[in-house]
Amino acid sequence: MKQFLDFLPLVVFFAFYKLYDIYAATTALIVATAIVLIYTWIRYRKVEKMALITFVLVAVFGGLTVFFHNDEFIKWKVTVIYGLFAGALLFSQWVMNKPLIQRMLGKEITLPQEVWSRLNIAWAVFFILCGLANIYIAFWMPQNIWVNFKVFGLTALTLIFTLLSGVYIYKHMPQDDKH
């Protein structure tokens, strides 16, 4: 259910884009993200920081897109979010000396420190590359290509990278934890 809720605003954005235009889609994205956030709070009495940050960025960049009738703002939102994620991962590793990935998964999974560090850096690089790809596609390709990339391309890339991360984690888990 949680994963469905996370993807619902993206589905709403895509549907409204196909039915109307980027501005209706952006308005629908803001509303859908707010509804999911409120529902999550009511249902679980907790909202993850990432969901809150995403909502704020959707509201700000989406609001600017609709207000100025300029789709460049919503296109930048994707890169800004990925940049923040990459920055948080790198900050956690180099300044806080404990990879954010380890903070998120370390209670459930036991891995050597160097594996946590590699995984953390890999995700940071992934987010940086996705952000750069978004800039290229958003500003040098037609709008419909960008929407498809945002909805399907980035989602597929994230799922593939998550699966590859899972394989990498499994490969480095202690034998007794694999059962």
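Numbering starts at 1 and runs along the chain as it is shown here.
For all residues, glycine too, the Cβ spot is worked out from N, Cα and C.
Counting residues 6+ beyond its ends, the transmembrane segment (22-42) has Cβ neighbours under 8 Å at 5-6, 8-10, 12-16, 51-52, 54-55, 58-59, 62-63, 65-66, 69, 71, 74, 143, 147 in the same chain. The feature transmembrane segment is assigned by Swiss-Prot to 22-42 (among others), with sequence analysis given as support.
Here Swiss-Prot flags 50-70 (among others) as transmembrane segment, drawing on sequence analysis.
Under the heading transmembrane segment, Swiss-Prot lists 76-96 (among others), citing sequence analysis as support. Taking Cβ pairs closer than 8 Å, the transmembrane segment (76-96) reaches residues 50, 53-54, 57-58, 61-62, 103, 117, 120-121, 123-125, 127-128, 130-132, 134-135, 138, 150, 154 in its own chain, all 6 or more past its ends.
A Cβ distance under 8 Å defines the sequence-distant neighbours of the transmembrane segment (121-141), meaning residues of its chain 6+ beyond its ends; these are 72, 75-76, 78-79, 82-83, 85-86, 89-90, 93, 101, 149-150, 153-154, 157-158, 161, 165, 168. Residues or ranges marked as transmembrane segment in Swiss-Prot: 121-141 (among others).
Annotation comment: Swiss-Prot describes 149-169 (among others) as transmembrane segment.
Residues 6, 9, 22-23, 26-27, 29-30, 33-34, 36-37, 40, 76-77, 80-81, 84-85 of the same chain sit 6 or more residues outside the transmembrane segment (50-70) yet have a Cβ under 8 Å from a Cβ within it. Within its own chain, the transmembrane segment (149-169) has Cβ neighbours under 8 Å at 7, 10, 13-14, 78, 105, 109, 111, 115, 118-119, 122-123, 126, 130, 133-134, 137, 141, counting only residues six or more beyond its boundaries.
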